[in-house]
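What follows is a short report on a single structure.
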Ligand code: PBG
Ligand code: ZN
(Lines of atoms letter the chains of each structure in order from A and count residues from 1; the text may use other names and numbers.)
(Lines give C-alpha, C1' and ligand atoms only; values in the text may rest on other atoms or scores of the structure.)
(Ligands and ions follow the chains in the order given, each with its own letter.)
Protein backbone atom coordinates (compact mmCIF):
# COMPACT_ATOMS: atom_id res chain seq x y z
CA UNK A 1 0.00 0.00 0.00
CA UNK A 2 1.37 3.40 -0.88
CA UNK A 3 2.06 5.78 1.88
CA UNK A 4 -0.42 8.18 0.42
CA UNK A 5 -3.26 5.63 0.48
CA UNK A 6 -2.50 4.52 4.05
CA UNK A 7 -2.68 8.11 5.25
CA UNK A 8 -5.90 8.63 3.37
CA UNK A 9 -7.59 5.59 4.92
CA UNK A 10 -6.46 6.60 8.37
CA UNK A 11 -7.71 10.15 8.12
CA UNK A 12 -10.83 9.43 6.10
CA UNK A 13 -13.29 8.75 8.97
CA UNK A 14 -12.39 11.80 10.99
CA UNK A 15 -12.67 14.20 8.11
CA UNK A 16 -16.33 13.69 7.19
CA UNK A 17 -19.39 12.49 9.00
CA UNK A 18 -19.06 8.82 8.09
CA UNK A 19 -19.42 7.47 11.57
CA UNK A 20 -23.09 6.81 12.26
CA UNK A 21 -22.65 4.32 15.09
CA UNK A 22 -22.11 6.95 17.75
CA UNK A 23 -25.62 8.20 17.10
CA UNK A 24 -27.26 4.99 18.19
CA UNK A 25 -24.88 3.33 20.61
CA UNK A 26 -27.06 3.91 23.66
CA UNK A 27 -30.42 2.10 23.81
CA UNK A 28 -32.24 5.38 24.36
CA UNK A 29 -30.42 6.95 21.43
CA UNK A 30 -31.73 4.06 19.32
CA UNK A 31 -35.29 4.91 20.37
CA UNK A 32 -34.64 8.53 19.42
CA UNK A 33 -34.02 7.45 15.83
CA UNK A 34 -37.71 6.63 15.26
CA UNK A 35 -39.93 9.27 13.79
CA UNK A 36 -42.82 7.63 15.65
CA UNK A 37 -42.71 5.40 18.71
CA UNK A 38 -45.04 2.45 19.17
CA UNK A 39 -47.68 3.39 21.73
CA UNK A 40 -50.65 1.58 23.20
CA UNK A 41 -53.13 4.09 21.79
CA UNK A 42 -52.20 3.10 18.23
CA UNK A 43 -53.44 -0.46 18.58
CA UNK A 44 -56.83 -1.67 17.43
CA UNK A 45 -57.64 -5.25 18.41
CA UNK A 46 -59.76 -7.49 16.13
CA UNK A 47 -62.42 -9.50 17.99
CA UNK A 48 -64.51 -12.36 16.60
CA UNK A 49 -67.94 -12.36 18.21
CA UNK A 50 -70.42 -15.20 17.81
CA UNK A 51 -74.16 -15.49 18.39
CA UNK A 52 -73.75 -18.25 20.96
CA UNK A 53 -73.41 -16.43 24.29
CA UNK A 54 -71.12 -18.82 26.18
CA UNK A 55 -68.77 -19.60 23.34
CA UNK A 56 -65.01 -19.42 23.90
CA UNK A 57 -63.26 -21.39 21.19
CA UNK A 58 -59.64 -21.25 20.12
CA UNK A 59 -59.33 -20.61 16.39
CA UNK A 60 -56.89 -23.19 15.16
CA UNK A 61 -55.61 -21.21 12.18
CA UNK A 62 -55.09 -18.01 14.16
CA UNK A 63 -52.72 -18.49 17.11
CA UNK A 64 -54.08 -17.43 20.51
CA UNK A 65 -57.25 -15.93 19.03
CA UNK A 66 -60.71 -17.07 20.05
CA UNK A 67 -64.30 -16.84 18.94
CA UNK A 68 -66.17 -15.17 21.77
CA UNK A 69 -69.76 -15.37 22.91
CA UNK A 70 -70.97 -12.19 24.55
CA UNK A 71 -70.81 -13.60 28.12
CA UNK A 72 -67.16 -14.53 27.73
CA UNK A 73 -66.20 -11.49 25.68
CA UNK A 74 -66.77 -8.88 28.37
CA UNK A 75 -64.52 -10.42 31.08
CA UNK A 76 -61.81 -10.99 28.45
CA UNK A 77 -61.92 -7.41 27.18
CA UNK A 78 -61.83 -6.19 30.79
CA UNK A 79 -58.38 -7.76 31.23
CA UNK A 80 -57.16 -5.87 28.15
CA UNK A 81 -58.76 -2.54 29.03
CA UNK A 82 -57.07 -2.81 32.42
CA UNK A 83 -53.75 -3.04 30.56
CA UNK A 84 -54.47 0.00 28.42
CA UNK A 85 -56.51 -1.25 25.44
CA UNK A 86 -58.14 1.75 23.71
CA UNK A 87 -59.91 0.33 20.66
CA UNK A 88 -61.35 -2.84 19.16
CA UNK A 89 -62.70 -3.81 15.74
CA UNK A 90 -65.61 -6.25 15.74
CA UNK A 91 -66.24 -9.11 13.33
CA UNK A 92 -69.49 -11.04 13.64
CA UNK A 93 -69.52 -14.81 13.25
CA UNK A 94 -73.08 -16.13 13.02
CA UNK A 95 -73.09 -19.81 13.90
CA UNK A 96 -76.83 -20.41 14.28
CA UNK A 97 -78.43 -22.76 11.78
CA UNK A 98 -79.93 -20.78 8.89
CA UNK A 99 -78.41 -17.47 9.99
CA UNK A 100 -76.97 -16.76 6.53
CA UNK A 101 -78.95 -15.56 3.53
CA UNK A 102 -78.47 -13.91 0.13
CA UNK A 103 -78.23 -10.36 1.50
CA UNK A 104 -76.45 -10.99 4.81
CA UNK A 105 -79.38 -10.07 7.07
CA UNK A 106 -77.53 -11.30 10.16
CA UNK A 107 -74.97 -8.48 9.77
CA UNK A 108 -77.26 -5.94 11.40
CA UNK A 109 -79.79 -8.17 13.12
CA UNK A 110 -80.63 -6.24 16.31
CA UNK A 111 -80.11 -9.49 18.24
CA UNK A 112 -77.13 -10.57 16.15
CA UNK A 113 -73.55 -10.80 17.41
CA UNK A 114 -72.24 -7.39 16.34
CA UNK A 115 -75.07 -5.19 17.60
CA UNK A 116 -75.26 -7.13 20.85
CA UNK A 117 -71.51 -6.73 21.33
CA UNK A 118 -71.52 -2.99 20.54
CA UNK A 119 -74.09 -2.38 23.26
CA UNK A 120 -72.44 -4.57 25.88
CA UNK A 121 -68.94 -3.19 25.22
CA UNK A 122 -70.20 0.37 25.33
CA UNK A 123 -71.97 -0.19 28.62
CA UNK A 124 -69.00 -1.90 30.25
CA UNK A 125 -66.17 0.17 28.80
CA UNK A 126 -67.34 3.74 28.24
CA UNK A 127 -63.90 4.94 27.09
CA UNK A 128 -63.23 2.16 24.58
CA UNK A 129 -63.45 3.17 20.91
CA UNK A 130 -65.67 0.59 19.25
CA UNK A 131 -65.07 0.06 15.57
CA UNK A 132 -67.09 -2.34 13.42
CA UNK A 133 -65.89 -4.02 10.28
CA UNK A 134 -68.67 -3.52 7.73
CA UNK A 135 -69.01 -6.35 5.22
CA UNK A 136 -71.47 -9.00 4.17
CA UNK A 137 -69.22 -12.02 3.56
CA UNK A 138 -69.53 -13.38 7.12
CA UNK A 139 -73.32 -13.27 6.78
CA UNK A 140 -74.13 -14.23 3.19
CA UNK A 141 -74.98 -17.78 2.13
CA UNK A 142 -72.56 -17.44 -0.83
CA UNK A 143 -69.74 -15.87 1.23
CA UNK A 144 -69.21 -12.87 -1.06
CA UNK A 145 -68.93 -9.32 0.25
CA UNK A 146 -72.00 -7.93 -1.52
CA UNK A 147 -75.27 -8.87 -3.22
CA UNK A 148 -74.94 -11.09 -6.30
CA UNK A 149 -76.60 -11.49 -9.69
CA UNK A 150 -77.58 -14.94 -10.96
CA UNK A 151 -74.24 -15.15 -12.80
CA UNK A 152 -72.34 -14.61 -9.54
CA UNK A 153 -71.19 -11.04 -10.24
CA UNK A 154 -71.79 -8.25 -7.73
CA UNK A 155 -74.70 -5.84 -8.11
CA UNK A 156 -72.92 -2.64 -7.20
CA UNK A 157 -75.88 -0.39 -6.39
CA UNK A 158 -77.76 -2.91 -4.30
CA UNK A 159 -74.56 -3.95 -2.50
CA UNK A 160 -73.56 -0.44 -1.46
CA UNK A 161 -77.12 0.34 -0.32
CA UNK A 162 -77.11 -2.77 1.84
CA UNK A 163 -73.63 -1.98 3.24
CA UNK A 164 -74.70 1.58 4.05
CA UNK A 165 -77.77 0.26 5.90
CA UNK A 166 -75.53 -2.04 7.95
CA UNK A 167 -73.08 0.77 8.76
CA UNK A 168 -75.92 3.09 9.81
CA UNK A 169 -77.37 0.39 12.06
CA UNK A 170 -74.00 -0.17 13.75
CA UNK A 171 -73.69 3.58 14.30
CA UNK A 172 -77.24 3.74 15.66
CA UNK A 173 -76.38 0.94 18.09
CA UNK A 174 -73.51 3.06 19.36
CA UNK A 175 -70.44 2.15 17.28
CA UNK A 176 -67.94 5.00 17.24
CA UNK A 177 -66.39 3.98 13.95
CA UNK A 178 -67.44 1.93 10.91
CA UNK A 179 -64.86 0.36 8.62
CA UNK A 180 -66.16 -1.04 5.32
CA UNK A 181 -63.90 -3.86 4.09
CA UNK A 182 -66.01 -5.00 1.14
CA UNK A 183 -64.10 -2.90 -1.45
CA UNK A 184 -67.15 -2.31 -3.65
CA UNK A 185 -66.99 0.93 -5.65
CA UNK A 186 -68.91 3.84 -4.19
CA UNK A 187 -69.65 2.45 -0.74
CA UNK A 188 -67.86 5.25 1.11
CA UNK A 189 -70.11 7.87 -0.48
CA UNK A 190 -73.21 5.77 0.19
CA UNK A 191 -72.27 5.16 3.85
CA UNK A 192 -71.33 8.80 4.46
CA UNK A 193 -74.65 9.92 2.96
CA UNK A 194 -76.48 7.37 5.11
CA UNK A 195 -74.76 8.67 8.24
CA UNK A 196 -75.63 12.26 7.29
CA UNK A 197 -79.26 11.41 6.50
CA UNK A 198 -79.64 9.70 9.87
CA UNK A 199 -78.00 12.44 11.91
CA UNK A 200 -75.04 10.22 12.78
CA UNK A 201 -72.23 11.74 10.73
CA UNK A 202 -71.02 14.06 13.49
CA UNK A 203 -70.30 11.19 15.88
CA UNK A 204 -69.30 8.34 13.59
CA UNK A 205 -65.84 7.93 12.14
CA UNK A 206 -65.81 6.42 8.66
CA UNK A 207 -62.63 4.41 8.19
CA UNK A 208 -62.18 3.01 4.72
CA UNK A 209 -60.24 -0.09 3.86
CA UNK A 210 -59.16 1.86 0.80
CA UNK A 211 -56.25 -0.21 -0.38
CA UNK A 212 -57.09 -3.83 0.30
CA UNK A 213 -55.33 -6.37 -1.88
CA UNK A 214 -56.67 -9.77 -2.91
CA UNK A 215 -53.56 -11.68 -1.95
CA UNK A 216 -53.02 -15.00 -0.27
CA UNK A 217 -53.02 -13.75 3.32
CA UNK A 218 -56.65 -13.90 4.47
CA UNK A 219 -56.95 -17.69 4.82
CA UNK A 220 -56.87 -17.95 8.63
CA UNK A 221 -59.40 -15.10 8.95
CA UNK A 222 -61.83 -16.79 6.58
CA UNK A 223 -61.56 -19.92 8.67
CA UNK A 224 -62.09 -17.89 11.85
CA UNK A 225 -65.06 -15.99 10.48
CA UNK A 226 -66.49 -18.73 8.26
CA UNK A 227 -66.44 -16.27 5.36
CA UNK A 228 -64.82 -18.22 2.55
CA UNK A 229 -66.70 -17.68 -0.74
CA UNK A 230 -68.56 -20.83 -1.72
CA UNK A 231 -67.69 -20.23 -5.38
CA UNK A 232 -65.21 -17.98 -7.16
CA UNK A 233 -62.88 -15.51 -5.44
CA UNK A 234 -62.72 -11.82 -4.54
CA UNK A 235 -60.50 -10.72 -7.42
CA UNK A 236 -63.27 -8.71 -9.06
CA UNK A 237 -63.49 -6.32 -6.09
CA UNK A 238 -60.25 -6.52 -4.08
CA UNK A 239 -57.16 -4.98 -5.69
CA UNK A 240 -54.59 -7.05 -7.63
CA UNK A 241 -51.29 -7.26 -5.71
CA UNK A 242 -49.36 -5.41 -8.42
CA UNK A 243 -51.87 -2.58 -8.60
CA UNK A 244 -50.08 0.38 -7.09
CA UNK A 245 -51.82 2.80 -9.42
CA UNK A 246 -55.24 1.38 -8.56
CA UNK A 247 -54.44 1.69 -4.87
CA UNK A 248 -53.44 5.33 -5.27
CA UNK A 249 -56.67 6.01 -7.17
CA UNK A 250 -58.73 4.20 -4.52
CA UNK A 251 -57.08 6.23 -1.74
CA UNK A 252 -57.83 9.51 -3.48
CA UNK A 253 -61.38 8.42 -4.31
CA UNK A 254 -62.26 7.34 -0.78
CA UNK A 255 -61.02 10.64 0.65
CA UNK A 256 -63.12 12.40 -1.96
CA UNK A 257 -66.15 10.28 -0.98
CA UNK A 258 -65.91 11.23 2.68
CA UNK A 259 -63.61 8.80 4.51
CA UNK A 260 -62.26 10.11 7.83
CA UNK A 261 -59.33 7.70 7.92
CA UNK A 262 -57.94 4.93 5.72
CA UNK A 263 -56.60 1.40 6.07
CA UNK A 264 -53.91 -0.39 4.03
CA UNK A 265 -54.08 -4.15 4.14
CA UNK A 266 -52.15 -6.45 4.28
CA UNK A 267 -49.27 -4.56 5.87
CA UNK A 268 -45.79 -6.02 5.42
CA UNK A 269 -45.91 -6.71 1.68
CA UNK A 270 -47.51 -3.32 0.93
CA UNK A 271 -45.41 -0.75 2.76
CA UNK A 272 -44.85 1.19 -0.47
CA UNK A 273 -48.62 1.71 -0.57
CA UNK A 274 -48.53 2.94 3.03
CA UNK A 275 -45.90 5.45 1.96
CA UNK A 276 -48.12 6.47 -0.98
CA UNK A 277 -51.02 6.92 1.46
CA UNK A 278 -48.87 9.09 3.69
CA UNK A 279 -48.54 11.43 0.75
CA UNK A 280 -52.01 11.14 -0.83
CA UNK A 281 -53.88 11.11 2.51
CA UNK A 282 -51.44 13.40 4.28
CA UNK A 283 -54.11 14.97 6.49
CA UNK A 284 -55.77 11.72 7.58
CA UNK A 285 -55.05 8.97 10.09
CA UNK A 286 -53.59 5.95 8.31
CA UNK A 287 -53.91 2.41 9.62
CA UNK A 288 -52.24 -0.78 8.54
CA UNK A 289 -53.90 -4.12 9.15
CA UNK A 290 -51.43 -6.88 9.86
CA UNK A 291 -53.76 -9.58 8.58
CA UNK A 292 -54.34 -13.13 9.71
CA UNK A 293 -51.91 -14.70 7.23
CA UNK A 294 -49.07 -12.37 8.21
CA UNK A 295 -49.72 -12.99 11.89
CA UNK A 296 -49.89 -16.76 11.44
CA UNK A 297 -46.70 -16.75 9.34
CA UNK A 298 -44.76 -14.93 12.06
CA UNK A 299 -45.98 -17.45 14.62
CA UNK A 300 -45.06 -20.35 12.37
CA UNK A 301 -41.60 -18.89 11.78
CA UNK A 302 -41.09 -18.39 15.52
CA UNK A 303 -42.16 -21.97 16.21
CA UNK A 304 -39.59 -23.15 13.69
CA UNK A 305 -36.91 -21.10 15.43
CA UNK A 306 -36.41 -18.85 12.42
CA UNK A 307 -37.34 -15.67 14.30
CA UNK A 308 -37.93 -14.53 17.84
CA UNK A 309 -41.63 -13.69 18.12
CA UNK A 310 -41.37 -10.50 20.17
CA UNK A 311 -38.46 -9.12 18.16
CA UNK A 312 -40.14 -9.80 14.82
CA UNK A 313 -43.46 -8.36 16.05
CA UNK A 314 -41.72 -5.11 16.99
CA UNK A 315 -39.89 -5.05 13.66
CA UNK A 316 -43.08 -5.62 11.65
CA UNK A 317 -45.11 -2.95 13.43
CA UNK A 318 -42.22 -0.51 13.43
CA UNK A 319 -42.12 -1.01 9.67
CA UNK A 320 -45.71 0.16 9.36
CA UNK A 321 -45.00 3.26 11.40
CA UNK A 322 -41.85 4.02 9.45
CA UNK A 323 -43.75 3.75 6.16
CA UNK A 324 -46.27 6.31 7.39
CA UNK A 325 -49.01 4.60 9.40
CA UNK A 326 -50.09 5.87 12.79
CA UNK A 327 -52.69 3.23 13.65
CA UNK A 328 -52.16 -0.53 13.83
CA UNK A 329 -54.88 -3.13 13.53
CA UNK A 330 -53.16 -6.16 14.98
CA UNK A 331 -53.75 -9.59 16.48
CA UNK A 332 -50.59 -8.86 18.52
CA UNK A 333 -52.40 -6.14 20.47
CA UNK A 334 -52.66 -8.09 23.77
CA UNK A 335 -48.92 -8.82 23.66
CA UNK A 336 -48.05 -5.20 22.89
CA UNK A 337 -50.13 -4.03 25.85
CA UNK A 338 -47.73 -6.08 27.97
CA UNK A 339 -44.58 -5.28 26.01
CA UNK A 340 -45.25 -1.52 26.10
CA UNK A 341 -45.97 -1.46 29.84
C1 LIG B 1 -64.12 -9.11 5.33
C2 LIG B 1 -62.74 -9.01 5.88
C3 LIG B 1 -61.65 -9.86 5.64
C4 LIG B 1 -60.62 -9.40 6.44
C5 LIG B 1 -61.08 -8.26 7.10
N6 LIG B 1 -62.39 -8.05 6.73
C7 LIG B 1 -61.54 -11.09 4.82
C8 LIG B 1 -61.64 -11.00 3.35
O9 LIG B 1 -61.70 -9.95 2.75
O10 LIG B 1 -61.70 -12.10 2.77
C11 LIG B 1 -59.27 -10.03 6.56
C12 LIG B 1 -58.59 -9.86 7.85
C13 LIG B 1 -57.52 -10.85 8.13
O14 LIG B 1 -57.13 -11.68 7.28
O15 LIG B 1 -57.00 -10.82 9.25
N16 LIG B 1 -64.23 -8.70 4.02
ZN1 ZN C 1 -66.13 -9.31 3.00
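Each Cβ is built from the backbone N, Cα and C atoms, and glycine gets one as well.
Annotated Zn(2+) binding site per TrEMBL: 135, 137, 145, in sequence order. The annotation active site, schiff-base intermediate with substrate is assigned in TrEMBL to 212, 265. As annotated by TrEMBL, 5-aminolevulinate 1 binding site applies to 222, 234. Among the features that TrEMBL reports, 5-aminolevulinate 2 binding site is placed at 292, 331.
Distribution of TrEMBL features across the structure.
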residue : record                                               : contacts (Cβ under 8 Å, 6+ apart)
135     : Zn(2+) binding site                                  : 107, 145, 163, 180, 181, 182, 227
137     : Zn(2+) binding site                                  : 104, 143, 144, 145, 182, 225, 227, 229
212     : active site, schiff-base intermediate with substrate : 181, 183, 238, 239, 263, 264, 265
222     : 5-aminolevulinate 1 binding site                     : 228
234     : 5-aminolevulinate 1 binding site                     : 144, 145, 183, 214
292     : 5-aminolevulinate 2 binding site                     : 61, 62, 217, 218, 219, 220, 221, 224, 331
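DSSP assigns residue 145 (Zn(2+) binding site) to coil in the three-state reduction, outside any helix or strand. If you draw a 10 Å sphere around the CB of residue 331 (5-aminolevulinate 2 binding site), it holds 24 other CB atoms from the protein chains shown. Take the recorded positions 145, 265: by the count of other Cβ atoms within 10 Å of each Cβ, the lowest one is 265. Ligand 1 lies within reach of 135, 137, 145, 292 from the recorded positions 135, 137, 145, 265, 292, 331, judged by a C-beta closer than 6 angstroms to any of its atoms. Residue 234 (5-aminolevulinate 1 binding site) carries neither a helix nor a strand DSSP state and counts as coil. The recorded positions near ligand 2, defined by a Cβ under 6 Å from one of its atoms, are 135, chosen from 135, 222, 265. Those residues of the chain, other than 135, 137, 145, with a C-beta within 8 angstroms of the mean position of the Zn(2+) site C-beta atoms are 104, 136, 138, 140, 144, 146, 181, 182, 227.
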